[in-house]
Every structure is written in C-alpha cells, then in structure tokens.
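Peer 1: These came from TrEMBL, pasted as-is:
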- 61-80: transmembrane segment (TRANSMEM)
- 92-116: transmembrane segment (TRANSMEM)
- 122-141: transmembrane segment (TRANSMEM)
- 153-171: transmembrane segment (TRANSMEM)
- 211-232: transmembrane segment (TRANSMEM)
- 244-262: transmembrane segment (TRANSMEM)
- 282-303: transmembrane segment (TRANSMEM)
- 345-365: transmembrane segment (TRANSMEM)
- 386-406: transmembrane segment (TRANSMEM)
- 426-446: transmembrane segment (TRANSMEM)
- 458-478: transmembrane segment (TRANSMEM)
- 490-512: transmembrane segment (TRANSMEM)
Amino acid sequence: MLNKPVLVESLIVFIIVLSVHAVVWDRYSWCAVALAVQAFYVQFKWDRLLQLGGAVFQFRTGANSGLLPASMVIPLLGIAMKERCRSAGIVYFERFGIVIASTGMLVALFLSVIAVGITKPVPTNTCILTGIAGSVIIYTMKHSLTVSEVIEVLEVLLIFVYLSMILLYLLPRCFSPGEALLVLGGISFVLNQLIKRSLNVIEGRGDPIDFFLLVVVVGVVLLGLFFTVLFIFMDSGTWISSMFFHMMTAVLGLGVIMPWLYRLIQRNPLFWLLQFLFQTQTRVYLLVYWIFLAAAACGVVFYQNTKRSSESKKHQASTITRKYFHFIVVATYVPGLIYDRQLLYVAAVLCLAAFIFLEYIRYFRIKPFGQTLRHLLSLFLDERDSGPLILTHIYLLLGMSLPVWLFPRSCAPKGTLPGAGALVPYAGVLAVGVGDTVASVFGSTMGEIKWPGTKKTFEGTMTAIFAQIIAVALILIFDSSVDLNSSYAWILASVTLVSLLEAYTTQIDNLLMPLYLQIMFMA
C-alpha cells in the first residue's frame, strides 16, 4: 500500500494537473486526467515490484517509482505549449505541442502497461483502468493527429523502447522508473527530431542553436553507447584503451557530429560557433565572467578535497557545501537570462557536453584524469548516486537549462510571454537555484518540524517559498522585459505547489521541480 508521502505527492500532482486544465481545458484534458488516474494506481504495482525485486531492471534504491509525477511532465508541457502557440497564432508549433503531449501520454502509458504485465497475479482493476485510459488517449489521438504525426509519435515510442532496454541494462541503479521515463523519453524525442530534420533539410529554415542542441545531445549519447559496448571487450583503464578513447572521440566528433551539424546549419560549425560566441562585447564580458565562476567551482572542489584526511570520519561533503554549487549556478544563469539568452542557451549546451564527456572519462577510468576525477567527485556523492554514474551535477545543469531550452521562442515574438509566462526561462533559477538551495540550507540548520514521513522540514519549505517570491521581485526590478500583468496570485500558488512537491518527492528534485514550475508559468 502507498505510504503517506507518496499519497501527498500524488495529491499535489493532481492539484497541479487540475490547475493547468482549469485554464486550458479541452479534449486533451480528458486524456491527461485519465492518464493521471491510471498512473496513480499503477504506482502501487511499480512500488511493489521495486520492494520485492521483481522489476525487469535494477532501479535506483531509496526512491519510489515516481510514475505519476514523471508521467504528467511531458503531456503537460505539450499542452501548455500548444495553448501558448495557439494564442500567438503559430499553427506549426501548436501542432508540435500536440505531438509532444501525445508522445508523452503514449510513452507513459507504455511504462504503465509494462508494470501491469509483469505483476503477478494480474491486477484486474488496474488493468481495466489502464485500458480505459489507453482507449481515451488513442481515441483522442485518432481524431486529433494527422497520419504523419501518428507515425512520428510511434517512432518516438519505438526509440524509447529500444533505448530503455539498452541503457537500463547497461546502467543499473541509475534511475527510478519515473526518472527513466523523463530522461530516456526526452532523449528519444530529441533523437527522432534530429533524424526528421536531417531528412528534411531546407536551407535557411530553422534556428542554428536548436540544431546545435539536438546534434550535441544525440552525439554525446551515441558516443557513450559506443564506448560502453566497446569496453565490454576491453579493459578501459589501460593507456592503450585511453589513447583509443581519445582518438575515436576525435574521429566521431570530426567525422560524424561536425558533418551532421554542417548539413543542418549549412555552414562550418566551428566558424559559426566562434562567430556566435564573440559576436558582441556583452558576450565577451559574459564569457570571461563565466570562466571565472567555473574556476571558482573547481576551486571549491579542490579545497574541499584538501580538507579530507584519512583520519576523518566524515567522508562526504555536507549539504551546505554541495549548495555552494547552486549559488555559483545562479550567479551564472541570471546575468545570461537578463543580457543574452541565446548565448546562455549555447553555453549551457557546451557545458552539458563537457559534463557528460568528463563523466565518461571518470566512469571508464580513462587516463590520465579518470582516477583523479573519481577521487575528487567521490566527496560530493549523495544517496541518489547509487549507480555506476554520478548524475547529480548533470541533473543540476539540466534543471537550470531545460526552461531556457524549452522556452517557445517562436510563439513569443517579443522574446517573452505575457503574464506569468515571462518567468518561464527563470523556472530553473527559482525552483533549483533559489528554492531548493534555501530549503536545504535552512532546513538542515534550523528546521525542527518535519513533514510527516519525510526528512524535509516545514521551516525549509516555507523559507524556500518566501525566497522565491523575493527572487521574483528582484527579477521584476532588474529584467525590464518581464511584465507579470497582475498574475501574482498564480505565481504564488505555483511556487507553493512546487515547493510542497519538492518536500515530498523522492525523485531527483533538480530535474522535476523546474519542469513543473515551467508548466505552471506557461499555463
């Protein structure tokens, strides 16, 4: 039976779903509500499978399945984007939002069917609910999507199935089922978009920075898959393997990724990137400032490691120490959001590629830095890094960057959305950089009243809500493009709901919270 924290988490998600659809109620709302109800019931089955060790793959320990909160993210994002683009009169991206919502629903439904299918004895009531939800979703898709859009949705589902089987087998205990749905579903959609756009290249159509994101994400994932398979047959810790790793990285980068990007943007990628980065004096100043902050982050890592001694009983960095990086990330993103969002978009993509590449070096013990990285980063591990990969710093970067990457620029002709939508790019800063940081620091130092069934404190949550409201006020002062149009009550409700969800969820909050806050702001 579900415990109280899971019940409260589910209640908060239901409130968010109903709040969004109270604003944008249409035929897709019935699908979303049906999906939420069946996901809630299937959580019983997934959690039971995880407790009994009956799941097909090894999932992250210390977390529940997280199926309900994860199942609703992609559909709600698509529905909110559809509504914003419909209001702006951009038909192409309105249809794109429908495809995103349909894809998210079908992928989440597939994960639910898997859980029901491997549960013994077969749960009759849950099967009926899943069947009803599936019928509603498929019926709505049949009357909403064109044939090409249906094919696109099925392509993403097929990629998700194969990618899940490969990555969940190769990377045990790295994800909960809900986190796997979010991460692998997102990668599947990006891969399908890249293939689709590569086969239908039209010169001068499309923003190069969007192509840059697609190619880099797919490129680093394929690079990891290639070396994971290769090092099954080789010892990755030798100098010969390390030299082969660096050589093949250069070959794949220059021989596959660069030509692929050239085909999409119709110009030399290196020259385009250099011209883009140094296009204005403001960008040069921002880059210098960000390099300084990156050096400061490295200094924190080295300093904390010098304090660690063999006699010390404390082998892990404290919560407050880990939050230093949250402060550095906030200091990184806020100037970029105010002065040059396109530069921040591209810089975040480059940073993601660098983080993942360094994780490959650490994981495969590639010489000369692999073992050093293992030693340096082991200090900052927490209970969520139970698998072979260290993903918390990558999730932090994703949480801050996804609202910037997913912001519907084409549906915001003036560069910003009206009302609370103007805060969409700041969702990561507010939820992770401010809210999560303040909640952790105040909760661990001054918190006394714990939320029932969790380690989170009432004081931490309340200070997080208050800090985010103060941050919104500061954004209004320093960013002249933000005009909230008296939507303060909605912003307060959004921040409060997401902060409460952070207190009760066992999923990766750095990934989940910014997406839910973005959904609320877009709605």
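Cβ from N, Cα, C; glycine included.
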Peer 1: Restricting to CB pairs under 8 Å, which listed stretch, 61-80, 282-303, 386-406, 490-512, is in contact most with the transmembrane segment (92-116)?
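Peer 2: It is 61-80 that shares the most Cβ pairs under 8 Å with the transmembrane segment (92-116).
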Peer 1: At least three Cβ pairs under 8 Å linking the transmembrane segment (426-446) and the transmembrane segment (490-512), pairs spaced 6 or more in sequence?
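Peer 2: The transmembrane segment (490-512) and the transmembrane segment (426-446): touching, yes.
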Peer 1: Okay, the transmembrane segment (490-512) and the transmembrane segment (386-406): do they have at least three CB pairs under 8 Å, pairs separated by 6 or more?
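Peer 2: Checked: the transmembrane segment (386-406) vs the transmembrane segment (490-512), in contact.
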Peer 1: Taking residues 6+ outside the transmembrane segment (244-262), which of them lie with a CB under 8 Å of any CB in it?
Peer 2: 198, 211-212, 215-216, 219, 222-223, 226-227, 234, 236, 268-270, 357, 364, 366
Peer 1: Do the transmembrane segment (211-232) and the transmembrane segment (490-512) share at least 3 Cβ pairs closer than 8 Å, excluding pairs fewer than 6 residues apart in sequence?
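Peer 2: Contact absent: fewer than 3 Cβ pairs fall under 8 Å.
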